[in-house]
Amino acid sequence: MDLSLYITGVDLLGTFVFGLSGGTVAIRHRLDVFGVIVLAVAAALAGGMLRDMLLGATPVIALADERYLLVAVAAALVAFFFKPLISRLGKPVMVFDALGLGLFAVTGCRKGLEYGLDPVVSVLLGVLTAVGGGLVRDLLVTEVPRVLREEIYALAAFVGATVVVVGEYLVLADWLVTLVGISAAFSVRVISVIYGWSAPRSPWL
Amino acid sequence: MDLSLYITGVDLLGTFVFGLSGGTVAIRHRLDVFGVIVLAVAAALAGGMLRDMLLGATPVIALADERYLLVAVAAALVAFFFKPLISRLGKPVMVFDALGLGLFAVTGCRKGLEYGLDPVVSVLLGVLTAVGGGLVRDLLVTEVPRVLREEIYALAAFVGATVVVVGEYLVLADWLVTLVGISAAFSVRVISVIYGWSAPRSPWL
Amino acid sequence: MDLSLYITGVDLLGTFVFGLSGGTVAIRHRLDVFGVIVLAVAAALAGGMLRDMLLGATPVIALADERYLLVAVAAALVAFFFKPLISRLGKPVMVFDALGLGLFAVTGCRKGLEYGLDPVVSVLLGVLTAVGGGLVRDLLVTEVPRVLREEIYALAAFVGATVVVVGEYLVLADWLVTLVGISAAFSVRVISVIYGWSAPRSPWL
C-alpha cells in the first residue's frame, strides 16, 4: 500500500478520535452545539496544524485537504448526538485521547523524518503533534492541560514516536511500525491511568 | 478599485477594532499602559498571523507590512486615553469584537480562496482568522474565551465567511460581497447578544 | 567571528536559561520529571518557533538543528537535579526569565532585519520571540502570563530589540550591539522588579 495514503488514513483516524475527545469535553462543560463543534475541530486539527506550520508544510494539510475538517465536524456531531453511547466507554475522553495520542505521535514523527529532520527532533515533532490538539482543547475550557496534569502523557507519545524512529532504523515494514507505535503509546497511556502509575518528582521538593 | 488594496483596507480596519477590544479588556483588568499595548497588539494581530502561518503566506502580513503594527498600537493608545468615550458605547468590547469578527471572517475566507483552498476550508480559515485574536486576548487575561462562553459567536463568523463563498460562486461584485458578509456576521452576533439567543445543547446533558 | 554562528550561540544560551525557568516553574508546581521536561522544552523553544513560523523560516530552527532540543532537555535535567543550587539565586525564575528575555529579544530582532523586515516590525518580532516562551510556560500551568502580570516586561524586551535596530543603523560592531542589547533588556527588567517600578495606568480607571 502506498505510504502517503497510509499516513493520511492514520492521520484522519487520529483526527476523528481527537474530535470525539473535544466534543465530549465540550458536552461535559455544557456547551451548545457550536461550542461542541469548535472544541472538536480545535482538538482534532490543532496538533497537525502545529506540526505543518513548524515544518513549513503549508498550506497545512488540514486546510489543503478538506476531509480533515469534515471528519472533525462529523466527530463533533457523533459526540453531540450519541453521548450516552460514548459514555458507556467509561472514561471516553481519556480513551479517545490516548488513541489520538498514539496515532498523531506516529504520523508526526514520520512526517518529520520525511522532511529530513534528525530522528531526535522527529520524535519531538511527533510529541508536539500528539499533545497539541489536547492542549488547545484544555486551554479553551481553561482546564490545566492533561499533558501537565497527568503523570504519564507526553511520555506515552514519546514512546510511540520512538518506535517509529527505531523501526525506520531497522528498516521494518511501515504497517508494522505504525501498528506497534500506536499500540505502544496507547497502552502506556491507558495502563498508566488504570494502575495510577506516576513518575518521580524532583528530590528537592 | 483594486481587490488587494480593498482587502488590505478591510483587514486594517479589523486590526483597529480588535485592537480597541484588546485595549478595552486590558483597561478593565486594570493593566498599565504596556499591558494595554500588549493586549491590543495581540488581539489585533493574532488572527491574521495564524491565518498567514496556516497558509504559508510568510513573512506574515503583520510583519511584512508595518501599518498593521502601527494601527494596532494606535488602537491601544486610543483605548488608553479615550476610555470614557469608548465606554459610552455601552458594551464596547462586544461591539468592537463583533465588528472585527465580521471584518476578519471576510478577509480570512477570501485569502483562503485566493490561495486555491476548497470553499469549505476557506470558511474554516475565515472563522479561525476571526476568532484567533479574541482567543489570544482572552487567554492572556485567563478568561474563558468568548468563542466558547458565548452562544452565537463562531457561528457569526461562519455566516460572514459563507457569504463570501456564496458571493464568489455567484460572481457578485467584491465590494457588495464584502459589505454583506461583514454586516451579516456583525448583525448575527450583536442581535444574538441583545435578544439572548442561544443554540441547542446536547439532548443527553 | 561569523555572525550566524554568533546568533546561534546567543540563541542557544537563551534556550538554556528559558529552559531553566520552565523547569523551575514546573518543580514549584510539584510536577513530575516529565512535566519538568515538557515545561522546560515549551519555555525554551516556543518563542523561537513562533518567530520562525511568522517569518516562514521553516522547518523552524528548533527542529532543523537538534542542539536546541538537547539544550532544552539539559536545562530541564539541571533544574530537576540541582533545584537547591538554583534556589539560592533568590528569584531564579525571574532572573533566568529576564536573561532569556534579553537574549531572545536580540536574536529575534536581528533575524527580522536579516529577513528584510522594516525596523519597526523587527522590534515587534524581537518582543514576540522574547515573550513567547514565557507565555506558553505560564499558560500551561494556568498562571496569568508574566507579560501581563508584571509591569515592566514587554518593555524590557522592547528596549533590547530597539538597541539592535539603533546599532544596525549606526553600523556598530555586532558583538557590541548584542552585548548592550542583552544587558539593557536584562537590567531594565531586573531593576524594575527590585525597585517595584510600575507604568502609568489609564487615567480613566
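These residue numbers are counts, starting from 1, taken along the chain as shown.
A Cβ is built for glycine as well, from the same backbone N, Cα and C atoms used for every other residue.
No curator has checked TrEMBL annotations; they are predicted automatically.
For reference, TrEMBL has these:
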type: DOMAIN; residues: A:10-83; note: domain 'Glycine transporter'
type: DOMAIN; residues: A:95-166; note: domain 'Glycine transporter'
type: TRANSMEM; residues: A:6-27; note: transmembrane segment
type: TRANSMEM; residues: A:34-62; note: transmembrane segment
type: TRANSMEM; residues: A:68-86; note: transmembrane segment
type: TRANSMEM; residues: A:119-140; note: transmembrane segment
type: TRANSMEM; residues: A:152-170; note: transmembrane segment
type: TRANSMEM; residues: A:176-197; note: transmembrane segment
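When the domain 'Glycine transporter' (A:95-166) is classified with DSSP, helix, strand and coil residues number 59 helix, 0 strand, 13 coil. Summarised by DSSP class, the composition of the domain 'Glycine transporter' (A:10-83) is 62 helix, 1 strand, 11 coil. When pLDDT is averaged over the domain 'Glycine transporter' (A:95-166), the result is 89.
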